[in-house]
Amino acid sequence: MQTIIRVEKLAKTFNQHQALHAVDLNIHHSEMVALLGPSGSGKSTLLRHLSGLITGDKSAGSHIELLGRTVQREGRLARDIRKSRANTGYIFQQFNLVNRLSVLENVLIGALGSTPFWRTCFSWFTGEQKQRALQALTRVGMVHFAHQRVSTLSGGQQQRVAIARALMQQAKVILADEPIASLDPESARIVMDTLRDINQNDGITVVVTLHQVDYALRYCERIVALRQGHVFYDGSSQLFDNERFDHLYRSINRIEENAKAA
């Protein structure tokens with residue numbers, strides 16, 4: 001099975017607090033993987049390293065590779081990092097859209113990497129690009145909002161626009177950081193349904209950080225759980241049972257309660 005993301009000996013320290021401890025991880029083509037863990041476990045930190053949004057510690061042997069290209073090595077970004085990022089779609093909890101632009105214009109931003117620079121200066125997109133953007137919006141059920149300002153949309157609708165932008169980008173990997181954290185249950189279901197549809201029908205690798213264990217079990221075949229910066233569990237979601245859940249979450253809660261009591 002083709003390895004899409006490879007992480008070796010990744011460590012990260014913030015202000016003398018070690019957030020990640022020598023993490024090793026391989027993610028394969030067409031997988032949909034949930035990163036789970038309590039707050040502060042390192043799951044979002046790990047996700048942001050995968051495309052070089054942040055760099056790890058300068059640890060000997062640390063290395064991240066995406067789609068066969070080095071993203072970072074021993075705390076330094078690769079010189080051709082833009083090529084890796086061009087193949088990666090991002091979906092963040094805070095949506096990361098341009099509020100003053102229309103839905104269609106936000107989706108067209110996904111084509112900037114494949115558009116001549118002089119065209120991007122004037123937002124001159126081809127008819128073919130606009131058609132692809134509309135097709136992407138149709139795919140996520142948002143084409144009727146194409147000419148509406150993105151600032152008028154609900155949180156769930158904005159997340160679907162972000163997914164359409166990743167489709168427009170023709171991303172081979174989608175990294176989603178808490179995409180349903182602030183959404184109501186129905187909007188969360190629609191967003192996760194959309195991500196799973198893209199994963200299953202397009203073969204796009206999806207890595208998503210989640211707080212909601214039930215969504216991870218329902219939508220992702222594989223779970224990677226982090227606990228205090230270490231990989232606690234890496235395997236089938238079907239084998240992530242109540243005992244593992246208890247060790248992952250409740251033991252952390254007991255540690256925090258004991259610390260407060262002290």
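Just so you know, glycine gets a Cβ as well, placed from its N, Cα and C.
Here is what Swiss-Prot says about this protein:
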{"type": "BINDING", "residues": "Gly37, Pro38, Ser39, Gly40, Ser41, Gly42, Lys43, Ser44", "note": "ATP binding site"}
{"type": "DOMAIN", "residues": "5-253", "note": "domain 'ABC transporter'"}
Binding-site residues (Ser39, Ser41, Ser44), the one with most neighbouring Cβ atoms at 10 Å: Ser41
Other CB atoms within 10 A, centred on Pro38 (ATP binding site): 19
Shell list (ATP; ref centroid = CB of Gly37, Pro38, Ser39, Gly40, Ser41, Gly42, Lys43, Ser44; cutoff 8 A): Thr45, Leu226
Lowest local Cβ density among Gly37, Gly40, Gly42, which the record lists as binding-site residues, within 10 Å: Gly40
Surrounding CB atoms that lie within 10 Å of the CB of Lys43 (ATP binding site), all protein chains: 27
